[in-house]
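Report on the following structure.
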Amino acid sequence: MLQVLACGAVVFPGLFFAFRRLLPCVFKHWSDADVVLISERLVSSIHAVMATTAGVIVVSSCRGSVISDRHWLATYFVIWFGVPYMTYDIFAMYLSHYHRFRVKGHEDYKRHSLRTINSFVRREFLLVLHHIALLTILLPVTLFFRREQGDFFIGCLFLTELSTPFVSMGKILIQLGLQDCWLHKANGGMVLLTFFMCRIALFPYMYWVYGRHYGIPLYSVPFHLPLLTNLGNSCILAPQVYWFVLLCRKGYRLYRRSRMPDAEPPAVTDNPKDD
């Protein structure tokens with residue numbers, strides 16, 4: 001078990017630093033901030049593909065009884081890859097933040113310090129809180145509190161990562177100067193669709209599936225679940241709704257900008273992480 005966990009802890013940082021080495025060899029004009037951001041996005045996409053694949057496997061294997069059916073990936077993917085990735089991603093987000101402001105010439109960003117860490121936490125508070133919540137809510141629930149039940153719902157939570165590759169692709173296309181092509185516009189539509197379906201609509205769907213299993217209407221499901229379950233779902237859902245609103249507003253701004261022929265595309269280093 002410890003060997004597999006250590007493997008997961010090596011995979012994502014290893015991929016990140018490998019991309020940081022390879023990308024400057026191909027795109028010599030990119031700044032450190034560009035390289036770090038794209039490296040982070042590529043690793044996020046790889047993890048998202050892994051998580052989505054695991055989710056599809058678990059969900060399709062637990063269709064008989066959404067409460068009692070089991071699949072080993074529901075537990076072990078969280079331990080082997082979920083926890084190492086969330087821990088790594090906080091570090092990668094900090095590096096992206098640090099290099100973004102260092103490129104801009106901020107005096108406080110000449111070296112790493114408690115000041116730069118504090119600035120990162122304040123600016124990316126919701127994202128950091130989201131990662132910590134997953135580590136402190138999803139992991140204990142997966143391992144200790146669900147009494148070997150509900151693998152179907154754990155698999156559904158894995159499916160929330162489906163939108164991540166499309167969000168990352170948008171950043172990469174902008175960095176490559178392809179923000180005006182049809183592919184970027186089609187990708188933006190997929191971002192909104194997958195984000196809404198897999199990060200927002202998925203939660204009422206899980207409540208509906210639970211209600212159908214026990215023969216109770218959807219509106220009664222929250223009253224049949226423990227308070228901590230509803231609170232945990234709310235803590236995960238609330239930032240998703242907030243980020244979806246930001247994505248819609250950003251998509252509308254980009255649409256309006258595309259209607260203005262003299263508008264300049266935004267720099268990738270100025271865009272915060274949307275996922």
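Yeah, the Cβs are placed from backbone N, Cα and C, and that goes for glycine too.
Sequence annotations record features per position, and here TrEMBL assigns domain 'TLC' to 33-256.
Per TrEMBL, the feature transmembrane segment maps to 73-95 (among others).
Summarising the annotation, TrEMBL assigns transmembrane segment to 125-146 (among others).
Among the features that TrEMBL reports, transmembrane segment is placed at 152-174 (among others).
What TrEMBL lists as transmembrane segment is 186-207 (among others). When Cβ-Cβ distances below 8 Å are used as the criterion, the transmembrane segment (186-207) is approached by residues 153, 156, 159-163, 166-167, 169-170, 173, 218, 221-222, 233, 236-237, 240-241, 243-244, 247-248, 251, 254 of the same chain, each at least six residues removed from its ends.
Feature annotation from TrEMBL assigns transmembrane segment to 227-248 (among others).
Looking just at the domain 'TLC' (33-256), the mean pLDDT is 88.
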